[in-house]
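Notes to accompany the following structure.
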Amino acid sequence: MTEETDLEDLRRGTDLVKRGFAKMQKGGVIMDVVNREQARIAEDAGAVAVMHLESVPADIRKRGGVARMADPSKLEEIIEEVSIPVMGKARIGHTAEAQILEAAGADMVDESEVLTQADDRYHIDKREFTAPFVCGARNLAEALRRIDEGAAMIRTKGEAGTGDVNQAVTHQRNIQRSIGKLEGMAYEERDEWAREHGAPRRLVHETADRGRLPVVNFAAGGIATPADAALMMQHGCDGIFVGSGIFGAENPQAMGESVVAAVNNYDDPEQLKEIAKNPGKGMKGQANADLDEEEQLQGRGV
């Protein structure tokens, strides 16, 4: 087999292969982009992958209305422009959007609460696809349900488009705290926890035995500064998604480079001090506490 064929096999196929491709992004930063020019900036700044969508989450909030999958021709343009993986967002439960993204060549599909939910009851059956999926979660039970459906990567939901990292921290702490509790439980107690929380029993035991999720777990939702990115890595995340925080900043190139540097040096305060001096003014934020319940995106798709 050629090197190209080996990479293609890693990108698509079995559950193990899909998880392997997702794991290749570990330790990196994935940046939201709306066009090929932004994708080039993200790649030059050190992103390990880009996530294409029609508008960044902060603009989706401002615009209102129905947020849908972006034009797949734009995704194809970005694939031609950059050498890093290109991901695309589909609405929760919208199988057809995910099929289109896969056909367009998306390296990974994000079944995303940032877009308007298409199905109030069911998520996409991600096992039916060859492209890997990433899904958001606020707690361990949500994460394990998404993995059971075939997700190859989990991310915190946070509260996208706000520039407020509070909810991303809360969701990551929720997941870590529950894993710690499971580790200290007897086998029968884990079974009871699975029943009480509506989580797949098999995955509950696997998570407890591993001491972590069975798939990579990234931070997302409200990450707007290098310090935010470092904080989430310190909380045990495997990598970072940054949405509005890059191209909503005064200098996207500098902000992108600084976020990548912060992830690479998250446990070195001296390095972080220097990194924090460079990026310029960040995006204008909105505190989570100021959002009405109907304005919150994180409750979509439990």
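Backbone N, Cα and C atoms are what each Cβ position is placed from, and that goes for glycine too.
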* Asked: Which of Asp15, Asp32 does Swiss-Prot put in the same D-ribose 5-phosphate site as Gly161, Gly222, Gly243, Ser244?
  -> Asp32
* Structure fact -> Between the C-alpha atoms of Ser244 (D-ribose 5-phosphate binding site) and Lys89 (active site, schiff-base intermediate with D-ribose 5-phosphate), the distance in angstrom, to the nearest integer, is 15
* To do: Based on DSSP, name the secondary structure state of Asp32 (D-ribose 5-phosphate binding site): helix, strand or coil.
  => strand
* Structure fact -> Widest Cα pair spacing in Å over the listed D-ribose 5-phosphate contacts Asp32, Gly161, Gly222, Gly243, Ser244 is 12
* Asked: Hey, what's the Cβ neighbour count for Gly243 (D-ribose 5-phosphate binding site) at 10 Å?
  -> 30
* Asked: If you draw a 10 Å sphere around the Cβ of Asp32 (D-ribose 5-phosphate binding site), how many other Cβ atoms fall inside it, taking every protein chain shown into account?
  -> 30
* Structure fact -> Judged by other C-beta atoms within 10 Å of its C-beta, the most isolated of the binding-site residues Gly161, Gly222 is Gly161
